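Quick look at what TrEMBL annotates:
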- 12-31: transmembrane segment (TRANSMEM)
- 334-354: transmembrane segment (TRANSMEM)
- 361-380: transmembrane segment (TRANSMEM)
- 431-451: transmembrane segment (TRANSMEM)
- 463-482: transmembrane segment (TRANSMEM)
- 524-545: transmembrane segment (TRANSMEM)
- 857-876: transmembrane segment (TRANSMEM)
- 888-907: transmembrane segment (TRANSMEM)
- 913-937: transmembrane segment (TRANSMEM)
- 963-982: transmembrane segment (TRANSMEM)
- 988-1018: transmembrane segment (TRANSMEM)
Amino acid sequence: MTSLSKFFVDKPLAANLVSILVIAIGLFSFLQLKRQATPLVDMQQMRIMSVLPAASPKDVELNVTTKIEEALEGVSGLKKYISHSSEGRSTIEVFIDPDARDKEKVKDDVRRAVESVQDLPDEMLDKPYIQEIKVDDMIVYELAIVFDQYSPQKIKEVGRQLKRKLLEIGEVARVRENAIPEREIKILLNNKKLNAKQVSVEEVLMAIKNNKIRLAGGTLESFTAEKGIITVSEFANPQDMGNIVIRSTSSGRHIYVKDVATILDDFEKAEKIVRFNGRRGGSLLIVKKASADLIELVDKVEVVKKEFLETAPEDLSLLTTWDFSVNTRTRLNIVSSNFAAGFFLVLIVLFMFLDPRIAMWAALGIPIAIAGATTILPLLDVSINSVSLCGMILVLGMIVDDAIIIAESIYRHMEDGLAPREAAKQGLQAVIKPVFGTIVTSIIAFVPLYFLPGSIGDFAVEVPTVVNIMLVASFLEATLILPSHLGHRKKAPSASHKPPGTRFILRMELVYGRFLGQTLRYKWLAFFATTIFLLGGITICLKMSRFRMFDLDQAYRIYLMGDVKEGSPLSYTESQVEVLEKIIDSFPGQGAITSVKTTVGQEGSFKGARFASHTSFLSEIVMKPFTERDITAQELSNWLKKAVETSSDLKLVKFDLEIDSEGPPVGRPIEIRIVGDDDRIRYELVAKLKELLQQYPVSEVISDNVPGKQELQLRPDFEALSQSGLTVSTVANTIRTIFDGSIVGDVQTPVESADYRLLMDERFHDFNDPLQDIYVRNQYGNLIPLKGLMLEERGRTMKKILHYNGNPSNLITANIAPTVTAGDIYKNLSQELSGLEQQFPGYSILLGGEAKESDKFVNQILMLLGLAIMGIYFWLAFQLESLSQPFMVVLAIPFGLIGMLAAFIGHGYDLSLLALVGVVGVGGVLVNDSLIMVEFINRLRREGHRNIQEAIILGAQHRFRPIVLTTLTTVTGLLPTAYGLIGGTDSFISPLVFAMTWGLMIGTPSVLIVIPVLYSIIISTSETIVQRLKID
């Protein structure tokens, strides 16, 4: 390395050309980096969705869910699978084991297992749908279509046109339809006419199916051509279906479909209603390509939206209800502004304390290092997103550290009278070993972040990647390019033109040297005082600190979930949503809300599975970016809770809300799952647990143990059916057709397809006596009344049925009070649950959600920090050839930890996930400062300084300026982002930067004092031991 550096010192043109080339390639690569909201992470999760029309939750559980779960039992590499069986739908969420060797093979095994299930009900129109949960499959933009007066036909037409235009955008991968009405041709049977003409439902069904044909009939050959023969029986006009002959009478008269039914060109029956800002409508959900730039895509969508509205009807509104780029733009603006401010402050520090020319070249190393790093980042599929920006901000002050140490060494050699070129060579030679050591220790400090497990680890992996690449790039620039630039000056800096801060820093060196001399005289007293401060400080700070995985101060999405009385129709649920919308509209800070979207007829959480339920709704409130509002999501949530509780017009049996933290999915703050076979015992446990949770500072305690709507179960009387000459399948087909309808065909047009559905007109539905006046033709041609052939049972089933790893389960969720954290509750609650579990052998009580994840993450980060310290220690032992000196170096880390914790406590902040990641960065920089000091003291001793105290003081003084400068540049580079000096703070990035800033501000003075004291104690103690051994 030194020989290559000498080459560039002697060949300055080569160094300049390399610098220009690196900047040019880096700029080109930077322009290729795509802007994303988050890293493109595979969540290692799959979702299996199946539809069994009109089936009860119990029927779905027995006939669909259980059969798929049995197939999944044979798949290895699964962490867990959780199923939800609700009315007409089965959803199974499969979680891949993060430790599985070949995760793609596990996914293939899951697909094969599901496909191997052959005995699913015939009533299932489609096979189970398997979806992989990936970040790059997320919806990034939602465009709502609403008219002043709701019109399914208009929404369908506008949605079709808009979808075609959106798919023409190159960055768009898919456009999903949400609540866009689907055309359906209904054949509504009139039961009175059926009975009058003695026609059964099955006869109409078979007549239509037999006449709805489009088949190839072969080919007709001739001498000149070969023509296809097609047998066609399709209808250009749906009303033509009424001319199908059902049966001919003995007198030769025909009975047509139109004689017993009405044909209606309509839309499918809505299972859900979606409302946008108080109006019914539909929407298009845009999914971008994985490689696409998020902001470019949204800009193009906005252009399409604007152009479409120019020629659209006046009563049409296109509403943006979800734009993932808004927060990304805000974050990029904040980070780039504070990054620029930090860079400017770093320049000020450099020019204050270094020769202007040296400061200029040291500062130029920052863009060169960044350019070098951005050359590599695209090759690693790293984009510009919230996580990679964390790494860039974190390393801003660090990448100039190497340049400062080397530049200061070269500058000192120039001050000693060497020519610039020789000073460049000798100055680099003097510090290259410790500088290389600092790079290695910094990389070792960040490497453990690669081993954070689960989705959190997948999201955080870009932090160490960006940091380590930029550190290596800065090292190469500082050792190869910087010496050439500094050595390529005609004369050494003049003593009369010293930087303005030189006199101050020299005076501080003298003061520091005197203070250190006095401290070393009482080194044991200083040692014990330091030990007490260290142990006491860590103990107090750890007890006073609070950990919350994700800060909610800048959250901008709130989800409201509610239920009305079970058995209520969809229209009643919508009427209650209208009341809720009026409450939201009355919020005093209405200007803070961008949009309100409510899905009526849907139940579930915003990051989990969702289910159809006519008595449920799910609302999404999107707020303006935090820089444009004065109220937080938590304050809005608190207001909504009180407003809903005090409303006399809102009749909800359940209400819950959740704030989106933007982080990886970790579940609700509190999740308790009860697993066991006996429903009665599980329900007893649910009641006990809900009562137990009342003793904790929690709210919205909700369980899934909710009775479903009243249902009528029809069971065949096999003996009566046999005597009547009927089969179960014939009767079942008739009942299904009457109440749910049967698809008897479809019609295709160039722009759409529509199903033909045969069903009984709702006017003839009687829930109290559903089989009255219903006849079925038996095998002898006689019409037999169904009344008396089916056994009727009435009752209620559960609204949804949950399984955990194939076993019956129940789930309880709860929110926690804003004044406490999930970690505050976890320890005591887990102990109580463990005691309760012992009272119910054979039943498992699993505590999960944010409470468990918080505890697990803190333990993991502490373990990884311990591994990082261990790795740094072993490297230092190798470099310093000592077992005791590395201990001194790594001891700087706890002091930085105290500074960080004290700052969070003093500012009233909670520790967050990324704040703990900042501890690693603090440790890396503090270890670097300590290493350089110890290396230089060792060097002085090797050069013949027999007086240990003198060598320690001289070495510490000699390293005082670079240590202070590296700390100043790092802190000033981070300060704007830590405090949001320009454009405000960012709740995702600022905690990490804040932790590192204060860790350095407190840790650096500790390094300057503690390292010399420990060095003196270790050397004097070892010499005393050696002398006593010689005497013995």
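We number each residue from 1, going along the chain as drawn.
Backbone N, Cα and C atoms are what each Cβ position is placed from, and that goes for glycine too.
Fair warning: this is a prediction, and the values are worked out from it, not measured in the lab.
Counted over residue pairs separated by six or more positions, the transmembrane segment (524-545) shares fewer than 3 Cβ pairs under 8 angstroms with the transmembrane segment (12-31), which leaves the two as not touching. The stretches the transmembrane segment (988-1018) and the transmembrane segment (431-451) are not in mutual contact, being linked by fewer than three Cβ pairs under 8 Å (pairs 6 or more apart in sequence). 12-31 is the stretch from 12-31, 334-354, 431-451, 888-907 with the greatest number of Cβ pairs below 8 Å to the transmembrane segment (361-380).
Simply put, out of 12-31, 857-876, 963-982, 963-982 has the most Cβ pairs sitting under 8 Å from the transmembrane segment (334-354). It is 431-451 that, among the stretches 12-31, 431-451, 888-907, 913-937, 963-982, forms the most Cβ pairs under 8 Å with the transmembrane segment (857-876). Sequence-remote contacts of a segment are chain residues at least 6 beyond its ends whose Cβ falls under 8 Å from one of its Cβ atoms, and for the transmembrane segment (963-982) they are 334-335, 337-343, 345-346, 348-350, 353-354, 393-394, 396-398, 400-401, 404-405, 408, 505, 508, 925, 928-929, 932-933, 989-990, 993-994, 996-998, 1000-1001, 1004, 1007-1008.
Among 431-451, 463-482, 888-907, 913-937, 463-482 has the largest number of CB pairs under 8 A with the transmembrane segment (12-31). Nonlocal intrachain contacts for the transmembrane segment (888-907), taken as residues 6+ away from its ends with a CB within less than 8 angstroms of a stretch CB, comprise 534, 537-538, 541-542, 544-545, 869, 872-873, 876, 880, 915, 918-919, 922-923, 926-927, 929-931, 934, 994-1003, 1006-1007, 1010-1011, 1014-1015, 1018.
Here the transmembrane segment (913-937) has long-range neighbours at 390, 394, 398, 401, 405, 431, 433-435, 437-438, 441-442, 445-446, 448-449, 456, 460, 463, 467, 547, 549-550, 663, 857-858, 861, 865, 868-869, 872, 876, 879-880, 885, 888-893, 895-897, 899-900, 904, 951-952, 955-956, 958-959, 962-963, 966-967, 970, 988-989, 991-996, 999-1000, 1003-1004, 1007, 1011-1012, 1015, meaning same-chain residues at least 6 beyond its ends whose C-beta is under 8 angstroms from one of its own.
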